[in-house]
Amino acid sequence: MSLLDGLNSRQREAAETIDGPLLILAGAGSGKTRTIIHRIAHIIETGQAWPSQILAITFTNKAAGEMRDRIAKMNIQDSKRIWMSTFHAMCARIMRTHAQWLGYDDNFVIYDMDDQKRLYKSLIKELGLNDKYFTNQFLSGEVSTAKNNFVSPEAYMKENSGDFRKEKVGLYYKRYQESLKANNAMDFDDLIYNTLVLFKGFPEILEQYQNRFKYIMVDEYQDTNHSQYELVNMLAAKYKNICVCGDDDQSIYGWRGADINNILDFEKDYANAKVVKLEENYRSTQTILDCANGVIARNTGRKEKALWTNNDGDEKIMIASFNQGYDEARFIVDEINDNITKGQGIFGDFAILYRTNAQSRLFEEALMRAGLPFQLIGGTGFYSRVEIKDVIAYLNVLSNPKDNMGFMRIVNVPKRGIGSATIEKIAEYANFKSFSLMQAFHHVEEIPELSPSVKNKVRAFSELMKKLEVIQATASLSELITAVIEKTGYLEMLETGKMDKGESRLENLQELVSSATDFEKNSDDQSLSAYLETVALSSETDKYDGDQGKVLLMTLHNAKGLEFPIVFIPGLEEGIFPHGRAMDSPEDIEEERRICYVGITRAMKRLYISWAAERTLYGRRQLQTPSRFLKEMPDEVCVENKQRYERKPEIDIETKKNKTFSERVTQSKVAIRRNNANAVNLQNNPSESGFVLTDKVKHKKFGIGTVVEVKNNMISVAFPGVGIKKMDPTFVEKE
Ligand code: ATP
Ligand code: MG
């Protein structure tokens, strides 16, 4: 049997076109990913390249893992040697070998959002910037955009000279990069940015990689940003054997700098590019495709595509509406139960896909109440838990003693009486000596201003870390983690109830030890830095295992590239989906529509779409109007579900009973227009107040809340459990 047997003729043509640039431009579920996998197998089996000469880039670790599994099942020799990973993992690997060329040590650590925030706090102080005006969200967004566009701090400052605010941003950006380097740390964007710096600065290193990768493939190419685009082109410059595939209709990362033109312009970039279009969809029913096609057809400036399928099934899309968001959740859970009772699927066949993480709570609660097994992807993931991050920070400092942010996290956790005044004094000394904080601690005897009792505490911590270094030299990973948990006093802190939720935190730490044991078993490189890299790069999506037999809950963004027999998309309401922030820009609405298209096309057999007329949002009750996307779904493929969940609305809303769906939608059109007009009125220019509706903010006294109104330079914020407070924007900080 040939490796290409499982492909249709066009897919096969793509898989057999090995040399030269190739673009596979095709709609959802048409077998792009499958074609890439078979293409790789074909290249190796026909002896055109060694596995190590192939580079395949995908968007999530999950997708990369899946590709690896599928290739492994095809019994391709040495398939482990194929470079199959995300952009970030690929660049981390390159950096591990070449970071010294840029002045980093090769044991650099990768900073996440949390570390970034700590760095932000210290820099904002150092630069004397107003943190109400220069919020973390604003500054890190600017820095990230600059890096995604390969704009250096110097170039940024030059570009923006004369613009007072941006000049400050430039200064911040410069200091931010310097501090990262001093900590021997890179953030996520740096992995890609620095790889580009390396390749541009040292052509001989680029050449090594160009020679190595004879064949390059990129899946989900529509979501590459400028830096990623440049990186791919540089690597492919020698052989020009580059195959990219994607779907312009599924470009949903514009907010992260992805540029849809990268795929649309491929034929311009490579004049002799061959283009293969796939139109047969193997995933969904025709009804589901008609629904998706109907919605996406409203977007302008797209490449026309007609998706069709031979798949059986003509079940209509169920559109369900409810009085309350709570009823919607109940309905979904009942429906899952019904389906299962009737033998139509197992738990793992169902996915609930929503627009924002905040929507998951209602479903989690309803599923829990009903006792159904479910798995939540995203949200506060395993590696973002406090106890896990603490222990990882210990490991980071052991691996890279220059990591001051990690150091700050652990120096007084568990409490050892080392306060901020002490740390400030030691930091001054560290600055003076060009030491890291850890090094300065090891030199505590030389610091004159410290009292003997403080010195004792500092010395104890220094000795603890030295002891762990000794253990690290010989112990396995899991032994080292166990030693950290025990010797630092962390275990005792949890056992003696000095930290809340001690028992479950302990369980999580046990889980961390077992995951390290797995890592030891499965990984070629068992070094501490390899482990820390894997942890830093693993996102929650990676832990999704389709075979687990649990209902899946995730955002539409996380569902990209995946498929499920039965899909629910709840919350089709103006302000939720499309998202409130997208309301006043036609381009943003088009991106929302693409997200909707991605969602619909995840479904294989059955699709439910729903909305509620009223829900508690951001701590207050709100009347909702159905999403404009509902009206874009062709009537003939949808059926409306009778409202089975009627609870008396607690506030006076127009009853929607006894109206047909289309009547209701017509009525909603007016409401949507009214709502949009309101939204425009309410949303001041963000540059004046600095806030827009739905922004999350933090107030010293009331905690975290959501902006529900922006008017006359004042904002109203809904704080859960407190109520709505109107205030001057300077009283809050962006979350
Ligand atoms: P997306 O745009 O969502 O990423 P895709 O174009 O990458 O989708 P795949 O995930 O590769 O599509 O394929 C969709 C489904 O169709 C998969 O289950 C795949 O195995 C199946 N499939 C694709 N091509 C064929 C084929 N020729 N014969 C049988 N099944 C196929
Ligand atoms: Mg795919």
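Placement of Cβ uses the backbone N, Cα and C atoms for every residue, glycine included.
Straight from TrEMBL, the features:
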{"type": "BINDING", "residues": "Ala26, Gly27, Ala28, Gly29, Ser30, Gly31, Lys32, Thr33", "note": "ATP binding site"}
{"type": "DOMAIN", "residues": "5-285", "note": "domain 'UvrD-like helicase ATP-binding'"}
{"type": "DOMAIN", "residues": "286-561", "note": "domain 'UvrD-like helicase C-terminal'"}
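Cβ neighbour count for Ala26 (ATP binding site) (all protein chains, 10 Å cutoff from its Cβ): 25. Of all the binding-site residues listed here (Ala28, Gly29, Ser30, Gly31, Thr33), the one with the fewest other CB atoms within 10 A of its own CB is Thr33. When the binding-site residues Ala26, Gly27, Ala28, Gly31, Lys32, Thr33 are checked against ligand 2, Lys32, Thr33 have a Cβ within less than 6 Å of one of its atoms. Sequence-distant neighbours of Lys32 (ATP binding site): residues of the same chain at least 6 apart with a C-beta under 8 Å from its C-beta are Ile24, Ala26, Asp219, Cys245, Gly246, Asp247, Leu278. Take the mean position of the Cβ atoms of Ala26, Gly27, Ala28, Gly29, Ser30, Gly31, Lys32, Thr33, the recorded ATP site; other residues of that chain with a Cβ within 8 Å of it are Asp247, Leu278, Asn281, Arg283.
Under 8 Å, Cβ to Cβ, and six or more positions away along its own chain, Gly27 (ATP binding site) finds Asp247, Asp249, Leu278, Glu279, Asn281, Lys305, Leu307, Thr601.
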